[in-house]
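Colleague: Below is the structure I would like to discuss, written out as structure tokens.
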Amino acid sequence: MDASEEAKRVSIQVTSLSTQLIESVDKQSHLEEQLNKSLKTIASQKAAIENYNQLKEDYNTLKRELSDRDDEVKRLREDIAKENELRTKAEEEADKLNKEVEDLTASLFDEANNMVADARKEKYAIEILNKRLTEQLREKDTLLDTLTLQLKNLKKVMHSLDNESTVTNNSNRYSTILSDSATSSSTSLNKVPTSYSLASQDIYSGIVYSPSISSIRYDISLYNEFLKFVAALPRCENIKATSTESKLIRRLVNDEIQPILKIDNASGIGWLVKKTLLSLIIDGLVVVEPLSGVNATYQIGYNSSSPAKQATSNMPKMFKFPLDSPPVAVHAACSFCGESRDDIIEHARMYILKTLHKTDDGKEQVTNTYPLCHWCLLKLRQTCEIFAFLRSLKVGAWHLEKLTTQNITKEDLEKFSEVTKHTKRDGRVSSQDKKTKRLSFMAGLGINSSTKNKPKMEIFSSETNAKPGQPTTNIQRAWLQLCKLRCILHWTHIGIWAVDDSISSKIGPLVEDDSDEDQNDAISVRLQDKALWKQDAKRPFSSSSAEESQKSDAFDFESGDMENEITGESSSDESSSDGSSTDNSTADSSSEDESSLADSTTSSADSSSPESIDNGEGDDTVTKDDKSSIKSANNNEENSDCGDKKGRSIIKKKAPQRKIQKKKLLQDLDDLEEQFREESAIDQTEFENAESNVKQNISSKRASSGDENSKKDNNEKTLKTNLTIGDKTQEQIGENSPSSGLHASSSNDDNFDDAQEQQ
């Protein structure tokens, strides 16, 4: 029994020892795994330490470079101070030289004035001598005239004495001469036209009807619509867009153009084109041209030399066909009125109407062509002239006065409807003048002629020289031009062969010349006769801008003799004073803009200084504050100069804060380095202690199994404590590793650099 119990006890002990052995082997394997892990962590920490050392070296090099740059900045500031001193000295010297130059110029001007005065004195003396000489010459001329008269009288006396001997012979001859002269006079009287025949010829060669310019009215509703049209032009893209504020185009189309053209009754035009033709004419997308250039030589009023001479000349050919060739026409009927006669040239369809369409590229393409007779040609051309004139007002070729729809009051309407009035006696003749003219037909033989004949002085002014009823503003002149074009349109509807036959005046705008010394005096463009306009047409018309002249090439805005207007001096003075005030305001605004630009450049220069670059190492809060300060500074720069100063003060206040934050960051980096070193040393000591404990446990197990059983619990406790300590240290190392701190600082540096770039 005892042996069996001992065997059981031994077997139990063996099993327990085997289990302990297995557990110890497992623990040993587990410890070896932990050892490998710890070795790996140590290797990874060594790489991190190397990266940290390299970054530290880079930081030191950057710090040195910054110090070098600071030294350079100081040196440059010293150089700037020296240059400023030199500049002040140079400015002082320049001021001295300017004063000397001013003194020299003053002395030169004094000498020049003295020379001019001497020259004028000499000129005055020479003029007096010339006057005396001219008077002497006149006296000599009168003497010569008297002597020549005396000689003529003497010659007559001599001839009379010579002819006394032959009086008898000359008497017969004289009778025959009288008979011949009588017959010739009778025949000539028969040939001379009477006053009645001359009057009849003048009547049938004159103008049918043409109203004078002074009879044009400015108090009708259509003129008010014209003023609204002028006021709405600057705000609209084209003249069709003015229909919302003015009824001018609508009334012109409905009351005058549509009844004359009768597009709805046109047989040769499609219904789609009928709807869009007037809008195309308003936009200027219509072309009226002859089928051949030779057709222009067959129109009424065309004057040219003989075609044979032109054919034999060496001049270049203007037309495809020779000048003596017949005109080119179309057999098709007119698209508007249906004219189909071919009996005379005037009834032929020698012209065509082309409708255009604008492509996406801005080019114009021909969509339709329609033949035109002479009657419809004049009507269409005149409608195109009317809308081209309205488009020229939109371009600004007529230099219209500024007018707004809100300011169209009764006073403004009176201002733009005023015309020139009589300023003298309207050509009336006094009763005393009539008496003197009745009493004698010879000059100076009337009653009290010596007392009645008084010297007259001519006053050259627009008020005295201008006829009554003339326009005083460019808006009135534009209205006159529109009335003239409308009148021609009505005459084309009545039926005429030519348009330019009865045009006796050309109307143009008032043009202000900036080169004149007196800018308040306006220059008026006078209405002139056709003969004067032809003489003055050779002179070029000076427009205010090249673009307006290019756009208004189809119209004649040529002016004749220019006269200064005195009637609008008060308005011109007010406008000039307003213009000067606006000029001053614009100059002040421009100076403020320049100062704001200068301040913005200085603020940008301050922000890009090396001090701001040095302060680029900050956290996220620093970058957000910088962005907000930059935005506020930019807003203040755009608003006013005071805002610029505030923005610069904000940026300057941020600079010391950045320096403090930089120092804090450097201290934090140093603390992290010390903590990392201490923790790594502690980890190494703890790991070595754990290794020694494991080795001691293994040796003790191999030496004696009994001792292992007794020390089992103690070894397990120590191993657990060591493992927990190692895990905690690894977690702390992972949390406090330098890589994470460096990444955070680098991200903050990037954010700060972005903020600096924005600033």
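Each Cβ is built from the backbone N, Cα and C atoms, and glycine gets one as well.
Note that the coordinates shown come from a computational prediction; the quantities given were computed from them, not determined experimentally.
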Colleague: Can you tell which of Thr168, Thr423, Thr451 Swiss-Prot marks as phosphothreonine?
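Modeller: Of the listed residues, Swiss-Prot records phosphothreonine for Thr168.
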Colleague: Can you say which of 171-202, 651-682 is given as coiled coil in Swiss-Prot?
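Modeller: Among 171-202, 651-682, the range Swiss-Prot annotates as coiled coil is 651-682.
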Colleague: Scan Ser67, Ser515, Ser545, Ser608 for the residue that Swiss-Prot records as phosphoserine.
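Modeller: Out of Ser67, Ser515, Ser545, Ser608, Swiss-Prot attaches the phosphoserine annotation to Ser515.
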Colleague: Taking 620-647, 732-759 as the choices, which stretch does Swiss-Prot tie to coiled coil?
Modeller: 732-759
